[in-house]
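Annotated features in Swiss-Prot:
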type    : residues                           : note
BINDING : 15, 30, 31, 32, 33, 34, 53, 57, 76 : acyl-CoA binding site
DOMAIN  : 3-89                               : domain 'ACB'
């Protein structure tokens, strides 16, 4: 199975976890997914001051700047596998 196929499968598995991951885990998943699919975050697109959730998500993604698509995919897959081991799938 190719890396892209493994990444796509991991993204599908996230939706089938038995319980919701912690906020920190969700931010990590979001950041790795965005880095793998869109590349580096553009600081000019950072959400406004009052959008706390949007800022947290953007900042988590921005911290992954410079991480290659492949490395982000591998990290995402590893994170999902870790969550499956601790939370299980439905």
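Cβ coordinates come from backbone N, Cα and C, glycine included.
Model, not experiment: these values are computed from the prediction.
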Counting other CB atoms within 10 A of each CB, which of the binding-site residues 33, 76 comes out lowest? 33
Taking the residues 15, 30, 31, 32, 33, 34, 53, 57, 76 listed for acyl-CoA, what is the greatest CA to CA distance in Å, to the nearest whole number? 21
Could you pull the average pLDDT for the domain 'ACB' (3-89)? 97
